[in-house]
Amino acid sequence: MTEYKLALVGFGGVNRALAQLIAERNERWKTELGFSLTIVGVTDLFQGSVINRQGLDAAALAALPVVEGALAQLPGGDATASNEAVIKDCGADMIAEATFTNPVDGEPATSFCRWALENGKHVVTTNKGPIALHGAALKALAQRNQVGFEYEGSVMSGTPVIRLARQLLAGSTISGFEGILNGTSNFVLTRMESGLGFSEAVKQAQTLGYAEADPTADVEGHDVRLKVVILANELLDAKINVNDVRCNGISALTLGDIEQARQNNARWKLIGAATRNADGSVSASVEPRLLSNDHPLASIGGATNAVSFTTDLIGTVTVSGPGAGRTETAFALLSDIISLHQCATQHRKTCP
Ligand code: HSE
């Protein structure tokens with residue numbers, strides 16, 4: 001039985017949910033998965049930091065109030081973040097990185113991943129910024145240092161998409177994908193179909209916790225653009241960046257547009273897509289598309305996400321499920337850890 005020592009970088013909802021899962025399920029994982037997780041360090045820009053090489057109490061961590069300097073309440077805790085010490089020196093084998101997404105330069109998350117990889121630690125992350133903006137460099141760094149780098153939660157949280165396509169669709173060439181990759185915008189469009197105005201629908205999405213504090217990234221397609229870059233590079237070997245993705249959001253759609261679509265047995269959806277062209281290049285876009293009601297993505301309502309892969313051997317494969325949420329995204333980190341463990345123990349050829 002393997003014991004992995006884990007450091008949590010960022011202690012918001014996702015890593016708190018991971019701590020809660022560890023508190024509840026670690027014993028079960030020993031028999032079901034063949035490993036256990038011991039949290040040896042936590043650091044957070046707002047809540048401070050704590051290190052204990054013998055292992056922190058996961059339940060006590062998860063129960064801490066979300067207040068400034070909260071980690072100082074634990075023995076040995078500090079009210080200030082110690083990112084470098086926790087990532088490099090707390091004795092962790094792996095880092096669970098779940099800090100905020102910076103869509104401009106991916107920082108500070110990219111540096112956190114880099115420090116960990118350079119110091120021979122596996123990284124699992126849910127953060128779109130480092131993957132969309134610096135994915136190739138970080139993957140190369142991981143390979144050079146012979147450690148794993150997994151990021152299933154960067155697209156559609158815990159709903160399996162990246163690894164499913166990479167591993168389970170291997171052997172059947174994927175020539176493109178189209179998806180509903182932002183829960184907020186899909187929720188807004190669904191509410192508008194019930195007659196709610198755009199601004200009111202956005203406010204509801206914020207109240208329900210789907211939208212970012214500044215929902216511009218959700219409704220203008222910027223969040224989807226990062227996910228399109230990640231999927232296109234991962235599944236189509238596209239080597240594109242955000243500037244290669246044509247991007248339009250849903251803010252210009254009116255209740256009149258939505259109603260007119262309904263009368264024509266169609267629905268507006270914000271679609272992130274990429275396709276391999278005959279010359280080998282890849283075209284990628286984010287845009288509102290009018291889908292006929294019999295399209296596989298037309299019936300995906302509310303905050304649910306879905307993506308359809310176009311494959312040569314089995315046609316179109318559509319996966320649908322949650323695209324956000326604390327536990328859902330923490331599950332993605334767990335699935336990354338399982339994948340790393342399987343790579344280490346089974347020497348699988350599908351390991352990155
Ligand atoms: N705000 C995002 C959404 C969260 O609504 O889908 C997940 O990236």
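Just so it is clear, glycine is given a Cβ too, placed from its N, Cα and C backbone atoms.
Marked as active site, proton donor by TrEMBL: Lys227. Residues or ranges marked as NADPH binding site by TrEMBL: Lys128. The L-homoserine binding site annotation in TrEMBL covers Glu212. Per TrEMBL, the feature domain 'Aspartate/homoserine dehydrogenase NAD-binding' maps to 10-152. What TrEMBL records for 160-338 is domain 'Homoserine dehydrogenase catalytic'.
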Mind checking how the domain 'Aspartate/homoserine dehydrogenase NAD-binding' (10-152) divides into helix, strand and coil residues in DSSP?
65 helix, 25 strand, 53 coil
Determine the recorded positions, out of Lys128, Glu212, Lys227, lying near ligand 1 in the sense that the CB is under 6 Å from one of its atoms, and give them in sequence order.
Glu212
Would you kindly give the Cα-Cα distance separating the residue listed as 'NADPH binding site' and Lys227 (active site, proton donor), rounded to the nearest Å?
7
Cα of the residue listed as 'L-homoserine binding site' to Cα of Lys128 (NADPH binding site): how many Å, rounded?
14
Protein Cβ atoms within 10 Å of Lys128 (NADPH binding site), excluding its own:
24
Around Glu212 (L-homoserine binding site), how many other CB atoms lie within 10 A of its CB?
17
